[in-house]
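Here is what TrEMBL records for this protein:
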- A:6-26: transmembrane segment (TRANSMEM)
- A:33-53: transmembrane segment (TRANSMEM)
- A:88-109: transmembrane segment (TRANSMEM)
- A:121-149: transmembrane segment (TRANSMEM)
- A:136-446: domain 'NADH:quinone oxidoreductase/Mrp antiporter transmembrane' (DOMAIN)
- A:169-193: transmembrane segment (TRANSMEM)
- A:214-240: transmembrane segment (TRANSMEM)
- A:287-307: transmembrane segment (TRANSMEM)
- A:313-332: transmembrane segment (TRANSMEM)
- A:339-358: transmembrane segment (TRANSMEM)
- A:394-420: transmembrane segment (TRANSMEM)
- A:441-464: transmembrane segment (TRANSMEM)
- A:484-508: transmembrane segment (TRANSMEM)
Amino acid sequence: MSLWDHHLILLPILLPMVMASAMLLFDERRRRLKSVISLTAMAAILLVALALLHESMTGAVDGGDTARVYRLGDWSAPFGIVLVADRLSAMMVALTSVLGAGVLAFALARWDRAGPRFHALFLFLIMGVNGAFLTGDLFNLFVFFEIMLAASYGLALHGSGEARIRAGLTYIAINLTASLLFLIGVSLLYGVTGTLNMAEFALKVRTIAPDDRGLLHVGAAILGTAFLIKCAAWPLGFWLAPTYTAASAPSAAAFAILSKVGVYVVLRLSLLAFGDGAGASAHFGQPWLLVAGLATLAFGTLGLIASRDLSRAGAYAVMVSSGTILAVAGVGDKAVLGGALFYLIGSTLACGAMFLLAEVLQRGVDSGGQRERAVFDDEYRDPFDDDERNEPGLVIPAAVAALGGAFLICTLMIAGLPPLSGFIGKLAMLDGLARSVSPASIAVIVGLSLSSLGGLIGLTRLGVGALWARDDDAPELVVGAAELAGMGGLLAACVLLAIFGGAGLGFAEHTAEWLGRPDAYIRAVLGTTP
Amino acid sequence: MSVADLPAWACVVVGLLALAGAALSFLGAVGLCSFKTFYERVHAPTLGATLGMALIVAASILFFTLIEGRFMPRELLIGVFLTVTTPVTLILLGRAALFRDRTEFARDEAADEPEPSTPSLP
Amino acid sequence: MSSNLLLLVILAAPFLGAAVAAGLPRHARTAAAILSWLVSLVSLVSLAALWPRFADGEVLRLAIPWLPSLGVSLILRLDGLSWIFAALILGIGALVVLYARYYMSPKDPVPRFFSFLLAFMGAMQGVVLSGNLIQLAVFWELTSLFSFLLIGYWHQNASAREGARMALTVTALGGLCLLVGMILIGGIAGSYDLDDVLAAKSVILADPRSVVALALVLMGALTKSAQFPFHFWLPRAMAAPTPVSAYLHSATMVKAGIFLLLRMWPIFGQTELWYFVVAGAGVATLLIGAWCAIFQHDLKGLLAYSTISHLGLIVLLLGLGSPLGAIAAIFHTVNHATFKASLFMAAGIIDHEAGTRDMRKLSGLYKFMPITGTLAIVAAAAMAGVPLLNGFLSKEMFLAEVVAGSDGHALNAALPVLATLASAFGVLYSLRFILATFFGPPPTALDRVPHEPPAWMRRPVEILVALCLLVGVLPAITVGPFLRSAAVAVLGFDDLPYYSLALWHGFNMPLLLSVLALGGGVLAYAIFGQKLNTNPRGGPWGLKRLNGGYLFEKAMTGIVKGARWVESRLGTERMQPQLRLVVLAALAAGAAAAFAGGVAIRPSWSSPGASEFIFAALWLTGGGCAVAAAWQAKYHRLAAVVLMGAAGLVSCITFVWMSAPDLALTQLLVEVVTTVLLLLGLRWLPKRREDIQASRAELVRSRRRRRVDLVIAAVVGLALAFVSYAVMTRPMVEGISRFFVERAYSEGGGRNVVNVILVDFRAFDTFGEITVLGIVGLTVLALLRRFRPASDSLPAPNQKQARERAGPVAEGRKAGDALRDTMLIPRVVMRWMFPFVIVLAVHLFLRGHDLPGGGFAAGVALSIAVLLQYMANGARWVEERLLLRPILWIGWGLTIAAGCGLVAIGFNRPFLTSAFQYVNLPLLGQVPLASAVVFDLGVVLLVVGATVLMLVALAHQSLRRARDDAEAEQAEGGA
Amino acid sequence: MTEFVLAAAIGVLSAAGTWLLLRPRTFQVIKGLSLLSYAVNLFIFSMGRLRSGMPPITAKGAERPELYADPTPQALVLTAIVISFALTALFLVVLLASRGATGSDHVDGREPAE
Amino acid sequence: MIRALLPHPLLALGLFVTSLLMSGSVGPPSIALAAVLALATPQVMRALDAQTIPIRSPGAIVALAGCVVIDVLRSNWAVAAIILGRRRHERQSGFIHVPLDLKDRYALAVLAVILTATPGTLWVEYDSATGRLLLHVLDLVEEDEWIHLIKDRYERRLMEIFE
Amino acid sequence: MSQAILFWGLTIAQALLVAAMALAAWRAVRGPRAQDRVLGLDTFYLNGMLLLLVFGIRTGGSIYFYAALIIGMLGFAATVALAKFLMRGEVIE
Ligand code: NA
Ligand code: NA
């Protein structure tokens, strides 16, 4: 194993962090340099994620699935912190970098100038998200959650303005409370199991004294509540819509991955520690996931229908996506889970694109920044003050057609209609659900179908309004090349996912199957046979 | 040397010094509560901050010097810094109180009830 | 050419053409038309070329794998039924393209139109060529989608937007039902492959789920084919350009539903549900459509309702479940496509040339456009079922089938009557179409003189009308083989019944009914014609209330309103309820788990010593302070800050008491900084007074709210206390800590285990934690740069203003003297404390690895040193003297920490691997050198940077305000 | 009894914090979060069980690891303290910005409409 | 040279001792560290443009210190007595003005620290223009006596040391 | 006996200091004016620090020292800020 190959898993976390730190060392006004650095970082992470993905699928001795483990500080698990890249985490990192690259490209049109230090905050966000996906340690997960959230607070407020601040206040208050719950949960789990390592925790769940199991469950339940808040599960996710709606487009688009971090952790921990082999704790909390997922799905769909503008619809689409996956996780059927994972990829990209699109279509409503003094003299001035141009750089012709096409793809993806990848994911879930008839699966089938219809109704209403029925005094639709590249990249990924749907779905199903075998993960991390 | 091996005189001295210091400081706190006006109350804690503190610091230095078997005067640092910094606080507080009493802006950010018996102010 | 390639061409050519057309420039009308025409021809020729390749009953298949794990592949499957539908789609498509070239205005972006049209054509091909249930549903939804785009082509018109949305919503709803139905069928049959499914008929019918599946599939078919009660979208879709109507509503879109029914007919055609739903919907649609058509004034409206009626007829035929009915249905599908397409095109020509489609304005057009008029008359006659035309033949078969099946159900018995009635209506509206438009006095309400259209615009109509005649006269030769092949595909060889495609079957019941209908229709026109033509309302008599479109709009508005209502009821954007929910959810989750799992407490209450009592007294005080802080936080913020400080100190003492000196140090330092931060912020908060009286109702409400919150808070407290007590009284579990304690010195090089954990064992946590601090610093800066204080907190604080005025005033004092005197003494002390605090920080930093302290504590201590200078001397003074570059420090701090971790990689060890060594230095002796110290140095730098940044950015707000005020004053003075 | 006292302390701190967290004024909320983080810090700390006078500062090479107070929760608390400090500062600035932008210190940025 | 290296010798000494005390040991590493800190840290005082403290009479310092210690002890006793409730009725607290001749701010600072650290007296306000000090006294028996005490016992010695 | 004197001396000293803290807290709660509260906090800190010193003697360890030193050196920063806020309405000018 070559030098870099060994440390590959570190890069998705370290690279954005180092780049962001380096950006703090030079002048804020060197935009081009920053743009190049951030885009390069995203591209590099994508390559690394693909390499990790490849490794996770073929790295085992028998050429099969494995989890690559990186021991930070050279301390072995469960004592030190380990990073673990398996199919799921590598997939999530790859997804993050694709989304991140698209969003970043879009932001280069003008949004990265709407406030100071956008690139640094953005890279820190990526660092936090990737860390949350890769870490194999519960408390380190908390730390990465905080990195991600801290950056998200900055990005949510990026560009300032009353609406953002108002929504941001609630967002921060709720997430701070959730973080406290996270701490309570993790420490309680430590208190009864004596470990922070996820793999060892999974082992301890199996063998814990019956007397302690109640406390263990209390800890898991509180932790679960914290994660459900991040997933924006009903009734804990009302913060999502106002925050994402108010946030600047690139921030909101990047946030499409944040709720997925919550979803990821729920999947990871429930399948690792509370899977079939967990004895008396097997399938702990699963019914609640089902209920919360369905409620979220329903509420998100209604919210989508009720939305008055596209970015809000995008926010509810994020909720629908979370609800879908949670509900499916609540059914607890591995065959269905594969579809859900595939759906997760597509819906995340589509929700991200939706926010970007909403910004372009609703441009002119948002009134840039306010003239204010810099706090420090070395801090650059607000560029929106310098030039009143509000244009997104190079403007491309046929904007309406391009945006119409983009909107169409977004709608199809979010509503899960044929023929794009949103549909394939839904189809796979429905297909799996239809095979085993149970009240739960019927409820989820109905929920998925109705949410598709609701998504279609809501989005066509808004899209017709935004694209076809524009007021005469509404500004002409223009889209910058960078914006289109960002948006188009995300949507192209959705289309590619549909074309290579067979391979993608196969991957997702294998991943679900891998998640159903936690012993392999545990063995890779702890080096012992459970 | 462990605590059990401490000579009897040292035990007694350390114990009494600490007790006296604490008692003085406690007395200061009592004064803080029992005096009628702020300008009187502000004098009370100085008991603990000066002699009370000094006694306890002395107890500590003596104790650790004996325990460690070498001169351990590091608590002096605490004494010195406390002596230097406590007046700063008190001066500022007294100044603030005087100013607040002088001006009519009795109700402000740190809203509170007016002093029952404000003495004649200079 | 191989049949596989040809199959692929049939499907792919339209989509490719669509992509190319989309890329054509806006004005390339002719190019786009030629392209589209060529594309349809290529596909049509390919289709024709395949005709000889499947002899009776043979099926051509081409499978392209797509989603193997779901058993969903792209299967192109060509049988007789597909062929006839595909031919219809491509043939009429080619004619519509030709027609559209002349119909569309050069002002419109015509290439886009052709692009959509070709894409739609491809989607239809996909439906009819599907050899896989899921694939069928996919293309089905695509047809809905492209029809949406086509109907909404003139989206500047509100009616086009509404029509498009309605069509999409209804048909996509059906499509989703279809999808779920197909998934169910596939699940029952064990495969989505159409051939497998058709072969699994008995399995499917035996499964109870099949009823649900059938209902869902029918939902798809009926919505698509505009069957009652989903028929309303079709008339609204007439807002589309006429070529679209001619295409979608004669031969393609609406026929997809028919195609689906035909596909499912072999499986479900004989079931009860099928009969009641399909036949019931068919007969209702037949009658309602015909009845409504009678009253239309808009030519396209009339044709739209006529289409609905004819689709009802076909659906009714399929619903009857008899093989002959199915054959008749296919036959009528073909016939209807030809005459209806030509009629739509004719209506379009009239619209194009006369400028209106309103029959009340049109009159006597025959004189102006005799050829078009003749063509329209022939086509309308076919629609009315006049002999010698194709419409007559299939209607005869229809009537025959209705009569033949008129025993059994009451519905069956009534069918002949209803069918005749509907046919009479058909005659009536066909007559109206012709007579009101082409005959009578010359038109007066037109704003131009109508004339014949360009010849090539008429050509498609001529071809279609010729087909009507040809089929009408020579059915067996023209359409016989294709019909037979399609019938075989549906019914199979063995079950193919005898039928005759002849013009004359002798005098029989169907003929009688036909004659009755013709006569009745003419008679009705004679009586009611005038009244109908002038009917002011335009709506059908008796069915005004049953306006599906209106109800649909109502329903959609209702859904949106309902969703908003639910959103506001089941959701909230207010912070308090959300936080309450979060707290309650956590409580509920924890409680549920505790009750389910059981949490036992094993108290260990040994007799408490004096020390325990002191500890208890300490917390009695601390707890009291916390409660008092909570109590005071609303009206006495400063008091709350003070009391919180006290509670915090008690926590710190607890940490010392319970062997956690590092925690005590850190919390103490953080406490100081937090207090100052809060005080810096307090200045910008509004004054809050107890004496402001709220309304009585509000008081009651808030009291209730407080009571509830008090209960919640108490429960939270109890719960957390209970859990922590339960854990604390349990024996320690053997965990990872033992390892840390054992190895801290030997492998981490430090005696302070906590610090070794922080900078070595779990340095990655610290690495993340400092990143958080850095990020927050950046965010704070960003926020404060745009900070705008509320207007009432703009002026300098009262104290400060008064201070400048009042005080022991002596002559010759300047502004600021008072402050300088006040701060004289504190300033001296605070300034000289600076180096001492630095020494403290250095010690905290250096000893951290062995004793309480560490990078974070050192960093905060340094920040406090800077802070003291700020408080003593003011921001301006400090910044003139000290070089503060907090952002740079943050950057360097992070870089150093990361770089220190990266050094290990150079030695091929994992990130953050630390090394330590005892070095023997001259004079100093053995000195420990750990690489973790460098890491900790990064921590210090970052902490100082971030903390100073936060403090200073906040402090600068007052300065900035003063500066702005001064500038504003200056500006005013200058003006 | 020490355990009981500390548990009670955690209970009181968290109850007071929760009560403040649910109040309508931003300043109350930030104070609530601070009190809650005190409570949570003590809670985390208590997960390592209590031990007086045995800080995890070893001699050169620890002979009896079980004698020392559990260092892990202490390390966790330290991280938690730092993070909660940072986020308190952030929340403070946001609440100030909210007050500045909306003119109100209500958590919803507007006085409740009655 | 020496001045550049040691701008504030007294401060350096203080820092040296402080560092040693903080180390809690007098081994070579501690001394080295203390020396480095004592030499390096005072450099920041340059940035804060602190003037060097001119110390004239070391003897006076000792005298003053002794004086202060005695006064602190005495007033501790006095205030404790007051708190314990003796002379509750006749006792009167109040402000007095003390005209100061002292101008040096370090001297003033030391005086402020002494007065405030002594229980029973509180430095409240000083007006640099008039040199007038406002003092709060817990047990105000005789105003002139207090003024005399301050000027005689402290101010004179401080002037000896600083001016 | 001498050990007992030491033990009880220290115990009572601790008790007295905690009592002093309680009194200071009472002053901080009671007010009546803001300066009283700040003075209460200052006294609270002072007695807390002394408590740590006595605790150090009782346990014979030295871990209390830095905590006490920090209170002694830096604790006043918080009180200064409070006092300055009272006086000026702004902590940093
Ligand atoms: Na937005
Ligand atoms: Na005094």
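The backbone N, Cα and C atoms fix where each Cβ goes, glycine too.
Sequence-distant contacts of the transmembrane segment (A:287-307) (same chain, at least 6 residues past either end, Cβ-Cβ under 8 Å): 224, 228, 231-235, 237, 241, 266, 270, 313, 315-331, 414, 440, 443-444, 447-448, 450-451, 454-455, 457-459, 462. Segment contact is absent for the transmembrane segment (A:33-53) and the transmembrane segment (A:484-508), given fewer than three CB pairs below 8 angstroms at sequence separation of 6 or more. In summary, the transmembrane segment (A:313-332) does not lie against the transmembrane segment (A:121-149): fewer than three C-beta pairs, each 6 or more positions apart in sequence, are under 8 Å.
Same-chain residues lying 6+ beyond the ends of the transmembrane segment (A:484-508) with a Cβ under 8 Å from its Cβ atoms: 57, 87, 91, 98-99, 101-109, 338-339, 341-342, 345-346, 349-350, 352-353, 356-357, 360, 396, 402, 406, 409-410, 413, 419-425, 428. For the transmembrane segment (A:6-26), the residues of the chain that approach it from at least six positions outside its boundaries are 33-34, 37-38, 41, 44-45, 48-49, 51-52, 55, 68, 70, 83, 85, 93, 96-97, 117, 119-121, 123-124, 126-127, 130-131, 133-134, judged by C-beta separation under 8 angstroms. Long-range contacts of the transmembrane segment (A:121-149) within the same chain: residues 9, 12-14, 16-17, 19-20, 23, 38, 41-42, 45, 69, 77, 81-85, 89, 92-93, 96-97, 100, 103-104, 107, 155, 158, 175, 179, 182-183, 186, 189-190, 196-199, 201, 230, 250, 254, 257-258, 261, 264-265, 525, each at least 6 residues beyond the stretch ends and with a Cβ under 8 Å from a Cβ of the stretch.
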